[in-house]
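Summarising the annotation, TrEMBL assigns disulfide bond to CYS115-CYS132, CYS134-CYS143. As annotated by TrEMBL, domain 'EGF-like' applies to 104-144. Per TrEMBL, the feature domain 'Fibrinogen C-terminal' maps to 139-357. TrEMBL lists 1-15 with the feature signal peptide.
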Amino acid sequence: MRLCFFVFFSTVVYAVTRIVQPDFEGVNFAKALFGKRLDKVFQETAVDSETSCQVQCLKNISCLSYNLGTTNQKGKFICQLCDSDRFTSYENFTQDKKWLYRGMESACESKSFPCGEKGICIPDYHGKSLKCKCNLGYTGTPCEPKSCLQVLQSGNNSTGVYRINPDGNKPITVSCDMTTDGGGWIVFQRRLDGSVNFYRGWTQYKFGFGNLSGEFWLGNDNLHRIAAAGNMTLRVDLEDFEGNVTFAEYSIFKVADGSDKHRLLIGGYNGTVGDSMAFHNGMWFTTKDQDNDLRNNGSCAVKFKGAWWYNHCHRSNLNRQYLGGPHDTYADGINWLAFTGHQYSFKRSEMKLRSQQ
């Protein structure tokens, strides 16, 4: 009964805040958590009300929260000032029926699990913001896996669509291949039935298009972010119309940002299909409306109806017309020169990245 009376007068404390501690102007206390105590005490006093305990906390710049004993001891209550909070020192936050805990109002208090299940919320009381201290392999707000490999290692072994955050910025929704060569691959390109037109302009290739459950290009901006987040292996899986499945892997793979026209860095070939990407190393990305290739008489993208890291022009290009096997025209299908030459268009292609942890 008496504790409720104390809480009623807590508004008086807010006025004291502005006078005694200007740095904490506008800071209020969060809701009380009964039966909880934080073991980060730096000062203990006896008070006659919770309001008095709040005043003690506000007067001390080191105080971020307090515990209040719920047992009346000759008209006094034990007030314990804490130099931390239940978020930063979560391992010291315990159950104890003899106490209530109250922290200062913060962004962490006002949101439900703002950092998710894989991180700790660190409040910024002055800036009224928060930071997430994420577990290894996670980043962002909330904490999300950096890659499909991290998704796999956390126990999700089903191929499908997941959210990742490679660099702590905006999350990316991706297709994760959890079966090929141990799984954990971020798929950024897929061709399988010709249902999506890949003869598109710079902006569409920049942001991506298609359907993650079917044919798509994840987007050059996303590709840059993923490849820049750490050492990645590129894998290219190809299947022809006769049922032959082949692959190429590259231990070096980077894609620059838009200011450098998404220039390609690639090397370290291994596989069964032959190396048709080395010819494109160091090249800029070219689309039908932005010609960055080395061809003197016109655009490679326009001539071959695709979009790629063209040289003058290509030995591979998996973003061209879906022609369905052998074709009479030259080099305008889903071609890989080292395996089937320039007059065979593959049935299926996938380009994917996996972290080299």
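Glycine is no exception: its Cβ is also placed from the backbone N, Cα and C atoms.
Curation plays no part in TrEMBL annotations; they are all automatic predictions.
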Cβ-Cβ under 8 Å with the domain 'EGF-like' (104-144): same-chain residues at least 6 beyond its ends
23-24, 27-31, 64-65, 85, 87-88, 90, 150, 153-154, 163-169, 171
Specify the count of other C-beta atoms within 10 Å of the C-beta of CYS132 (disulfide bond).
22
Cα-Cα distance linking CYS115 (disulfide bond) and CYS134 (disulfide bond), given in Å to the nearest integer:
8
In angstrom units, rounded to an integer, how far apart are the Cα atoms of CYS132 (disulfide bond) and CYS143 (disulfide bond)?
7
Confidence summary for the domain 'Fibrinogen C-terminal' (139-357), mean pLDDT rounded
97
Where does CYS115 (disulfide bond) sit in the DSSP three-state scheme?
coil
Whole-number Å distance between the CA of CYS143 (disulfide bond) and the CA of CYS115 (disulfide bond)?
5
If you count the other CB atoms within 10 A of the CB of CYS115 (disulfide bond), including all protein chains displayed, you should get 24
Reading the DSSP string in three states, the entry for CYS132 (disulfide bond) is strand
In all the protein chains shown, the tally of other Cβ atoms within 10 Å of the Cβ of CYS134 (disulfide bond) is 22
DSSP tally for the domain 'EGF-like' (104-144), helix/strand/coil in that order, comes to 7 helix, 16 strand, 18 coil
